[in-house]
Amino acid sequence: MSSGGLLLLLGLLTLWAELTPVSSRKRHPDCDKPPDTKICQTVVRAFYYKPSAKRCVQFRYGGCNGNGNHFKSDHLCRCECLEYP
């Protein structure tokens, strides 16, 4: 194999190694828990991941710190809870 072919192979292997962890990321286990809707402090708008819908949904969060399935924004919820194929 020529040196150009070896460099191409090395480049492709490096790219594959970099992309593999991103494409196989799984969601956090807390994303499967139901939203905590108890009122303990000030009620704020938050988002939780709804597994049956496979998306993030807005809800009223009462500040009780019940579980990790509450996020300040839809974007943060999606980053933490959506699976990547």
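In case you wondered, yes, glycine gets a Cβ from its N, Cα and C as well.
Around CYS81 (disulfide bond), the same-chain residues at least 6 positions away in sequence with a Cβ under 8 Å from its Cβ are ARG27, HIS28, CYS31, TYR49, CYS56, ASN69. Per Swiss-Prot, disulfide bond is recorded for CYS31-CYS81 (among others), and the stated evidence type is sequence analysis.
Under the heading disulfide bond, Swiss-Prot lists CYS40-CYS64 (among others). Following the DSSP three-state reduction, the secondary structure of CYS40 (disulfide bond) is coil. Within the same chain, residues at least 6 positions away in sequence whose Cβ sits under 8 Å from that of CYS40 (disulfide bond) are GLY62, GLY63, CYS64, ASN65.
Among the features that Swiss-Prot reports, disulfide bond is placed at CYS56-CYS77 (among others). Counting only same-chain residues at least 6 apart in sequence, those with a Cβ under 8 Å from the Cβ of CYS77 (disulfide bond) are PHE47, TYR48, TYR49, CYS56, PHE71.
The annotation domain 'BPTI/Kunitz inhibitor' is assigned in Swiss-Prot to 31-81. The average pLDDT computed for the domain 'BPTI/Kunitz inhibitor' (31-81) is 92.
Taken from Swiss-Prot, the feature signal peptide applies to 1-24.
Most other Cβ atoms within 10 A: among the disulfide-bonded residues CYS31, CYS56, CYS64, that distinction falls to CYS56.
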